[in-house]
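Copied over from Swiss-Prot, here are the features:
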BINDING   Asn10, Trp11, Lys12, Gly178, Ser218, Gly239, Gly240  substrate binding site
ACT_SITE  His100  active site, electrophile
ACT_SITE  Glu172  active site, proton acceptor
Amino acid sequence: MARKPLIAGNWKMNLNHLEAIALVQKIAFALPEKYFEKVDVAVIPPFVDIRSVQTLVEGDKLLLTYGAQDVSVHESGAYTGEISASMLAKLGCTFVVVGHSERRQYHHEDDATVLGKAKKALEHGLTPIVCIGEGLNVREAGTHVEYNLEQLRGSLKGLSAEQIAKVVIAYEPVWAIGTGKVASAADAQEVCGAIRAELAELAGPEVAAQVRVLYGGSVNAKNVGELVAQPDVDGALVGGASLKGDEFATLSAIAAGGPLP
């Protein structure tokens, strides 16, 4: 079964709820429904925007989906500032990003924490987008493939094959995020192919063949076509370009195999 590409727009800490509504409307207007047969498109807004996005998506019966940028490892309770998976599920979220390099870097999240978050997401029927990726020093040392596989193993440790089948993996080389530097399509394929081979070891070839592996890091309408043409790159986790409705729609159309809207 061919894997359907996924284009997920990570808005990071940008846009209030009114701006969120305007952007989703723009994407929906710019990307006709026919494209959604060939590509899944998701937006990942800040927590405070999710209810507004939900109302718009459900009210207008839009085909794009949405998710959250993080989730708590806890079910509920005295954890000030935390947001639980059950709350996100109630808001109709499909996806939740876990282990993004900015969370790992600024909030010191390790693989065990990322695993805990992925488990909570799965418990509540959410699809975790598990992020892994190396810094420039690792890339220059030439140990990037093993580094990523180690992160992958740590972030999926103990999950059953059935659980791994419900996960999306995002490979984001840290040196390419927001820097304008993009890993070449061959670089992306090298690591994404290694990720799929490792998934086959962890969960069997059948599961590995169905898990979507995304590339993230300065993805835009100019480079997405070459990236998703790689055999093991099944879409993209898009940052800055996802804040521009027209570009995000164009990017999604390219991932669907065109023509441009």
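Just so you know, the numbers here start at 1 and follow the chain as drawn.
Heads up, the Cβ atoms here are built off N, Cα and C, so glycines get one too.
Everything Swiss-Prot records as a feature, shown here on the structure.
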residue : record                       : DSSP (3 states)
Asn10   : substrate binding site       : strand
His100  : active site, electrophile    : coil
Glu172  : active site, proton acceptor : coil
Gly178  : substrate binding site       : coil
Ser218  : substrate binding site       : coil
Gly239  : substrate binding site       : coil
How big is the Cα-to-Cα gap, in Å, between Lys12 (substrate binding site) and the residue listed as 'active site, electrophile'?
10
Among all protein chains shown, how many Cβ atoms are found within 10 Å of the Cβ of Gly178 (substrate binding site), not counting that one?
12
Output field, substrate shell: CB within 8 Å of site CB centroid, site Asn10, Trp11, Lys12, Gly178, Ser218, Gly239, Gly240 dropped:
Ile177, Val238, Ala241, Ser242, Leu243
Judged by the number of other CB atoms within 10 angstroms, which among Lys12, His100 is the least packed of the recorded positions?
Lys12
The record lists Asn10, Trp11, Lys12, Gly178, Ser218, Gly239, Gly240 as binding substrate. What's the largest Cα to Cα distance among them, in Å, rounded to a whole number?
14
Could you give the Cα-Cα distance between Gly239 (substrate binding site) and the residue listed as 'active site, proton acceptor', in whole Å?
11
